[in-house]
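As recorded in TrEMBL, the features of this protein are as follows:
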type: DOMAIN; residues: 4-84; note: domain 'Cadherin'
type: DOMAIN; residues: 85-193; note: domain 'Cadherin'
type: DOMAIN; residues: 194-308; note: domain 'Cadherin'
type: DOMAIN; residues: 309-413; note: domain 'Cadherin'
type: DOMAIN; residues: 413-531; note: domain 'Cadherin'
type: TRANSMEM; residues: 530-561; note: transmembrane segment
Amino acid sequence: KLHSDLDKGVGTVKYTLSGDGAGTVFTIDETTGDIHAIRSLDREEKPFYTLRAQAVDVDTKKPLEPESEFIIKVQDINDNEPKFLDGPYVASVPEMSPVGAYVLQVKATDADDPTYGNSARVVYSILQGQPYFSIDPKTGVIRTALPNMDREVKEQYQVLIQAKDMGGQLGGLAGTTTVNITLTDVNDNPPRFPKSIFHLKVPESSHVGSAIGRIRAVDPDFGKNAEIEYNIVPGDGGNLFDITTDENTQEGVIKLKKPLDFETKKAYTFKVEASNLHLDHRFHSVGPFKDTATVKINVLDMDEPPVFSKPTYTMEVYEDTPVGTIIGAVTAQDLDAGSSSVRYLIDWKNDVDSHFTIDATEGTIATNELLDRESTTQYNFSIIASKVSNPLLTSKVNVIINVLDVNEFPPEISVPYETSVCENAKPGQVIQIVTAADKDLSPAGQRFSFRLSPEASNKPNFTVHDYRNNTAGIETRRNGYSRRQQELYFLPVVIEDSSYPVQSSTNTLTIRVCRCDSDGTIQSCNVEAIFLPVGLSTGALIAILLCIVILLVIVVLYVALRRQKKKDTLMTSKEDIRDNVIHYDDEGGGEEDTQAFDIGALRNPKVIEDNKIRRDIKPDTLRFTRQRPPVEDNTDIRDFIDQRLQENDVDPAAPPYDSLATYAYEGNGSVAESLSSIDSLTTEADQDYDYLSDWGPRFKILADMFGEEESYNPDKVT
């Protein structure tokens, strides 16, 4: 209720309300100022409201007093029950746990005000699940209440938990939840066979390694605690069988380790032990966690194929054995009770050459062809045995036949030897070690013997020393050998084997006589050395060679001096009239150009080569052969020039200029020497050189030179 001191009760004051929940939750009487709640309040929804109130003049609408603020607090009542927000719960606890073993803690919440009264004070209790479990009323911790709860008896438990406020007093509100508790397994039970004896029937034809039966021990535990290991207890018949565990079914699978034979043994009895793999030490006192049962196996008789007496047969036969000779036999029997007859045949797929035959009834093997050990040393084939009563039942055995050698080849020297003996050899000196080889398959201990042939035994040159280890040494019998007298010796050696019949051969060794030093090292075995003259020593040969060398040196020096002297006679001073030719200013390669033109003919008129090819140009066509008539010692220059001009005129490969253009090479230091007529052998006969002026400007200097000479000649008749 609101009231202003200015309110006289005459209706002049009006009260207004604003703020939290005004008009929706709370309302005010404008005349009296009474505040009313217009709907239900929930403390858990909103615990307090803040409002503002004011007194206003009815006529002027003006506030009579300042606005005032007040709070309306909602007082709690126990209108909310406890709630399990995480329920329902799932928990587990190992079986056989002791009393008080912790299982789970539950918690309930109450929305009421915990600070006001007991509305939010919760107490826990079990409504369903006793006497197996208990709960702490204050903390909500659930624990086991009975010892040795067995999972194999009951595995699942459902416990109903209640939480009540007001401290559990009368009138308090309560909430419930469910806790599903599972007992987890522990290995508290050993495996047990449901029966003490297991009977199995197994055909004798069962294959080794195949499963022939199953037995099972029961373990009420679960998971790895129920895993069982089976073992055969050593005893009668247990060594023929083996047992393993099927991981999916935990059954013991019995397998065959060795083949069964009804005719040998018809029944087997042994014990099998089943035990847990994972033991719990807490339950060792309960007893051994294993069980034992007896397994009896009866072998069933089956119609089986024949059985050979050996797993494989090995036989031997000599080569060249006559066809039809029996070399051995195979034997197979029907071990069944009926004891049927057996028939034999060769597996032709492996013996396409059919070297052997077999008697279908007796099983004897005979040769069908002549055998040759040098072609095939061993035969390998299969023989099939079948029952007459049931030809489909067959068995196969492998037969190996080794072909033995007959001594049909004589021994021979294993490799060709190149034997030599020194001229200065001493008696008893070993010059060669020889070995032998035999194409026959030599048996163990066979030996070869060596000796000289009878025709060589009386010769005093060489002998054979048998070392009795399949080798022999060739030894000298005299002191010294001469190549001049005999270069080659042929030594016949007889080699004999020790087989039967004895075979022997005569092998000829060629021994060459060689020259050796004092240590026995071979220096020469050449045939040419034999023909050296008698008495000519090595020193004499060296002296002869030195003389020959000295003579060659003297000849070379003499020739060199003669050439040098000839060159010196050609050297003249610069005032010599022949210098004009040396300085002739014309095309050419100069004095040292000896490749441009062959001027060898100018050195000596007598030396004129036949078919001389020019070197100043590269001819395009085959040049004509030019015949050069011999020039007499008294031939003058004019005749020589005419001859050369004629040769060049008929030469199609010659250049358009005259070949005399290359005469610039003559003179001092030139390989062509001088062309001057001063030292020539020609006579001082009258010569006319006026024709040189008609040859053009290239020969002007030559024409002037001979013109001057002619003008000073007092004997010249003009």
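Just so it is clear, glycine is given a Cβ too, placed from its N, Cα and C backbone atoms.
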Using DSSP, what's the helix, strand and coil tally for the domain 'Cadherin' (85-193)? 3 helix, 45 strand, 61 coil
On the DSSP side of things, how many residues of the domain 'Cadherin' (413-531) fall into helix, strand and coil, could you say? 8 helix, 53 strand, 58 coil
Looking only at the domain 'Cadherin' (4-84), mean pLDDT returns 85
